[in-house]
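Among the features that TrEMBL reports, L-histidine binding site is placed at D87, L88, T89, R117, Q131, D135, R307, Y311, Y312. The annotation domain 'Aminoacyl-transfer RNA synthetases class-II family profile' is assigned in TrEMBL to 29-365.
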Amino acid sequence: MSNSESSRVAAEKPRGFADRLGKAASAEERVVEAVGRVYEQWGFDRLETPALEFTEALGKFLPDLDRPNEGVFSFKDDERWLSLRYDLTAPLARFAAEQWQTLPKPFRRWAGGPVWRNEKPGPGRFREFWQCDADTVGSASPAADAEIVALACAAVEAAGVARGNYVVKVSSRKLLDGLLELVGVPQSAQSQRLVVLRALDKLDRLGAECVRALLGPGRKDESGDFTQGAKLEAAQIEPILKFATASAETPTPDRILGLWNEVSPDFKVAPDSIADAGVKELAQIFGLLQTMGYLDGRVQLDTSVVRGLEYYTGPVFEAQLIGGGGANFGSVGGGGRYDDLVARFTGERVPATGFSIGVSRLAAVKERLGWGEVVAANAPVVVLALDGDRIGDYFGIAQELRDVGIRAEVYLGGAGMKAQLKYADKRDAPIVVIQGGDELAKGTVTLKDLKLGAQLAKDLGEDREAYAKSREQAQREVPRGEVVAAVQQMLAR
């Protein structure tokens, strides 16, 4: 071998990474564009954050001995560790904490781009892949979770998956947390709990027996690599596995409790316990989804859904693809509630919930199944939420506007009307939709043109009488059935 040959660099890419050429190179961008349009239509603003974050800001992985290399790609710069982001949620938490005083609350953002994980690669599992997320930060309402689940359905369909070829499965970490407490795995045993979560997250891929091994002593995979288990006893494993494999077609509070009692008869749900809170939250979420029309096969309760990341604190969601004959092609997205992530920076609990589509995996599965290709938004119209018991009706108004291509959102904070109008103004909303008790009794809604109102205030200045007369131009009361046409007319002028 000549010197020139021996000095040549091997033309090879690292394991877990892929080159993409032509259609493959643009497939992920097309998914992000299509899903992003839906996120924008639902009132979410795009946010881009750096690929690199300080390692401690990511939260999940902390320095281990000399190098924090478990799960993330890291290096040291000016005596501080930097890591490539492993998802788009941890950078959002850092951004929200850093900018919290200036952001509209709740803050609605979407993001799309590559993330990196230093994990063992395998078929369909890469170390670099794309995600596309939508999150609401600052709302503790189960209505925010219900909206995210509904949005997940819209996003998967926008990515080119036909209705009937997917299902969004919903559960709650609080149910599992309550069960773990009862079987003797306390909150203080965080590392053991994380092993349990990661094991259950593999249930659809590995099956019950492999997960049983991971809950116990551990498991050796096909390559011979051994994964340490949670080291639970058989008496602890059985109720956990039984609960994780239960399901309910009608997810009412009684049915959810019935599932619990069937698989865990020795462990009763105490009033005001964490499991009881989980049952009540799920009941509210599914009640809203029923009102919105999503319990038609698109959304199901599935207690096997836990999600593998430790920062989830409540409801969790997972989108799975379903082929002919009910064949399950696995998860292509997931999310949930994470009320403690921002608090790592601020010391103050900030509620948040969101959903992420695994763009790379979705594009790859669609190509394999031959499901075809995927086919700039204005500020959103804001529907005020003046009656918490009528959130489903407000969602209905917003959906009617979206159905004709108008970007719209429902206010999901806990403030009164004055603060909601300030929120709409900060969102640069052109119109707000108002239906309080008076309008409801008359079968009407009030439409307020914020742009025209601001222009009139500017033009008429100190002439308060003229402004009072002209203000009627910026506000209309219309029959409930004519709200879409009236909004279209106001936007067109």
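Even glycines carry a Cβ here, placed using N, Cα and C.
The structure, with features from TrEMBL marked on it.
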{"residue": "D87", "record": "L-histidine binding site", "DSSP (3 states)": "coil"}
{"residue": "Q131", "record": "L-histidine binding site", "DSSP (3 states)": "strand"}
{"residue": "R307", "record": "L-histidine binding site", "DSSP (3 states)": "coil"}
{"residue": "Y312", "record": "L-histidine binding site", "DSSP (3 states)": "coil"}
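Within its own chain, T89 (L-histidine binding site) has D133, D135, Y311, Y338, L341, G354, S356 as residues 6 or more apart in sequence whose C-beta sits under 8 angstroms from its own.
Every protein chain considered, the tally of other Cβ atoms within 10 Å of the Cβ of Q131 (L-histidine binding site) stands at 22. Within 10 Å of the Cβ of D87 (L-histidine binding site) there are 17 other Cβ atoms, across all protein chains. Largest CA to CA distance in the L-histidine binding set (D87, L88, T89, R117, Q131, D135, R307, Y311, Y312): 21 Å, whole number. Mean model confidence of the domain 'Aminoacyl-transfer RNA synthetases class-II family profile' (29-365) amounts to 87 (pLDDT, 0 to 100 scale).
In sequence order, R173, L197, D201, V316, E318, G334, G335, G336 constitute the residues six or more apart from R307 (L-histidine binding site) in its chain with CB-CB distances below 8 Å.
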